[in-house]
Amino acid sequence: MKNYSFTFDIPQLRKLKKIYKSFLIEKEINNNSIYFFLKKDNIQMIAYNNGTFFIKGENIQEEILNIKEILNIKDYSAIGSDEVGTGDVFGSIVVCSSYVSAENIPFLENLNIKDSKKLTDEKIIQLVPKIINKITYSLISINPYKYNILTNKGFNLNKIKAILHNDMILKNLIKIKKNVNVILDKFTSSKNYFNYLKNEKKVYKKIFFCNKAEKVHISVAAASIIARYAFLKNIFALSKKIGINLKLGASTEVDKQINFIYKKYGMNILKKIAKCNFKNITKQFIKN
């Protein structure tokens, strides 16, 4: 069982009590020093009148970050990791792990990086050159040709992502030479994530798995737009190479483009520019 403690003022404790009111356990309080006690799933939290807030349980990482989000506690350094390209037929899968120090958070907030999911591709192309010299990041891009080799060997998308995230997190930790919170935008359960990594020589395990992680810490938002920037550059390069402006996503318009490319260049070219296990391709050209 893991545990963690905060020190809060009374207004902060009141806010937490209000947010967690459905989990309060009033009948178990028999100590005058306790302000409130609650149970949420397998996690216990105790707030003391002196401001100490104690949390314990097996999987407390996400709850710790949730509390920081509730109280708008953002002034801590962290590594955030995110990926792009996983929903696009064309182009690479890009994973980025970015370290944002507490000192650089205001700079990124002023650029509205925290709203990364709302940024247009045009805005991302403008912003990324402004931030890449302010933060430490590690990035890897798996092109479609290599992706297709891996999937043919039995790797599923989540396993590929887990391996890439683990590698980039480890690489970034070596660069910054310090221990900080590591936050990953959750794409599978922690159990599955580490199971995908069971054959890796080195695995980083102190990870906070969070839904909508870019809202938890701006380092994830930074990783997201840097990865998107690299992905877009890859799409532009592939488009230039074959003389076609490749479409993003996996829509019916993409289906039409796949069919056109197949008729003009054949499957060998598709294998180099597209993720061939996507239904957009398998339903047209690969029969069971």
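Backbone N, Cα and C atoms are what each Cβ position is placed from, and that goes for glycine too.
Among the features that Swiss-Prot reports, divalent metal cation binding site is placed at Asp82, Glu83, Asp185, with the record citing sequence analysis. Around Glu83 (divalent metal cation binding site), the C-beta neighbours below 8 angstroms that are at least 6 residues distant in the chain are Ile93, Val94, Val95, Cys96, Lys161, Leu164, His165, Asp185, Phe187, Ala227.
Residues annotated as domain 'RNase H type-2' in Swiss-Prot: 76-288.
On its own chain, Asp82 (divalent metal cation binding site) has Val95, Cys96, Leu184, Asp185, Ala213, Glu214, Val220, Ala223, Ser224, Ala227 as residues at least 6 apart in sequence with a Cβ closer than 8 Å to its own Cβ. For the recorded divalent metal cation site, residues Asp82, Glu83, Asp185 set the reference point as the centre of their Cβ atoms, and the other residues of that chain within 8 Å of it by Cβ are Ser81, Val84, Val95, Cys96, His165, Leu184, Phe187, Ala213, Val220, Ala223, Ser224, Ala227.
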